[in-house]
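A.B. asks: Take this structure, written in structure tokens, and hold onto it; I'll ask about it next.
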Amino acid sequence: MDRFIPKSKSKLLYQSHTQSNYNDLLYHINEEKVLNFGNQKQQHNYPISFLDQLHNQYRLPTQQTIRQISQVPEKILDAPDIADDFYLNILEWGNNNVLSVGLQNKVYLWNASNQHIEQLLQATSNVTAVHWINDHILGVGFDDASIKIVDVCSQQTITQLYYHNERVSTMSSSFELLSTSGRDNVIFNHDLREKNNNVVGVIQKHTQEVCGLKWNQSGTTLSSGANDNQLLLWDKRQMSLRLSCEGHCAAVKAMAWCPWFPNILVSGGGSNDKNIKFWNSDTGLCFKSIDTGSQVCALQFLPRYRELISSHGFSKFQISIWNAEVIQQAKLIQELQAHKSRVLHLGISPDQSMLCSAAGDETLIFWRLGTEQNNQDKQEMCSSKNLFLR
């Protein structure tokens, strides 16, 4: 098992565990057969509407019907003392192909392009939330109620925010706006263009710890979930409550906006609920609910294959893959099981070829979701010397 712990103050042990060359060769041979199978469809030069273009952007790959994710992890990293706390959000895979992880009072960065691990910071308080604001700016929340906005390129703190009264459990950003919340039940909206007195909105509606925040793709609606079992939708223009999505009977932490149906929000309930619910964010209507049989800890969409990925608690500690091409008919297609404790966090690589799961068993497990999509510009940006170029 690889070690996600420091060898010294600046270095961490790392050894790769990969599948055999035979399995890799077999995977690529099968992939070539799939891609070359059948006759090529005749192309027609019909006019394409805007909606057709949007649909084509998230078109399902032809190999979807026979794609199978390996049950053997691609890699395992040891994450000692990772918090086994359902309400925290201490792992996020950024668009810069760098995974950020909070372990006790430290934040580590794992560069997926060159396998390099480095310690970004060490604080006096434990890390309770991490969030990539952009490719070189990371937000870090702490259990002393403070927030640091860190430039990972220089490893310097740009600013610190002291508006919360208790620990910061969750963060989400949209363009210049950063939303934060936690155990004090209050949502603060910060305009990051202002270093001082940057609060532009304060939302007080939840009655218990807010553990989930997520802006939609267009940045018009913020969804919030909390330990009071409420799932609320907020309008950005007026900073006001737009809809209350009622139906969960446990804490709502897991949530994800559907990329190919932008008005659809998916949420997951805690141990007394166990349901994944699909919502029309225009009406607040729940049009589908799936009883998963266990606590829903995290949700992520996989647009490349039009799938939904969920992670769960007792008793199987599984990761579930759902076919969501026709989202009203979403159905389970595969389960991955390797963790020995509830799978609290999920992260997907920017090219959607890898999934990282983190659990209370103190491991980070990496799963191969598909083939890598090489992007020379992205690889250059994420090289060892140019990790966070703007």
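Keep in mind that glycine also has a Cβ here, set from the backbone N, Cα and C atoms.
Here TrEMBL flags 77-367 as domain 'CDC20/Fizzy WD40'. Sequence annotations record features per position, and here TrEMBL assigns repeat 'WD' to 203-235, 336-377.
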A.B. asks: Using DSSP, what's the helix, strand and coil tally for the repeat 'WD' (203-235)?
C.D. replies: 0 helix, 19 strand, 14 coil
A.B. asks: Which value does the mean pLDDT take for the repeat 'WD' (203-235) in this predicted structure?
C.D. replies: 97
A.B. asks: Summarise the repeat 'WD' (336-377) by DSSP state, stating how many residues are helix, strand and coil.
C.D. replies: 2 helix, 19 strand, 21 coil
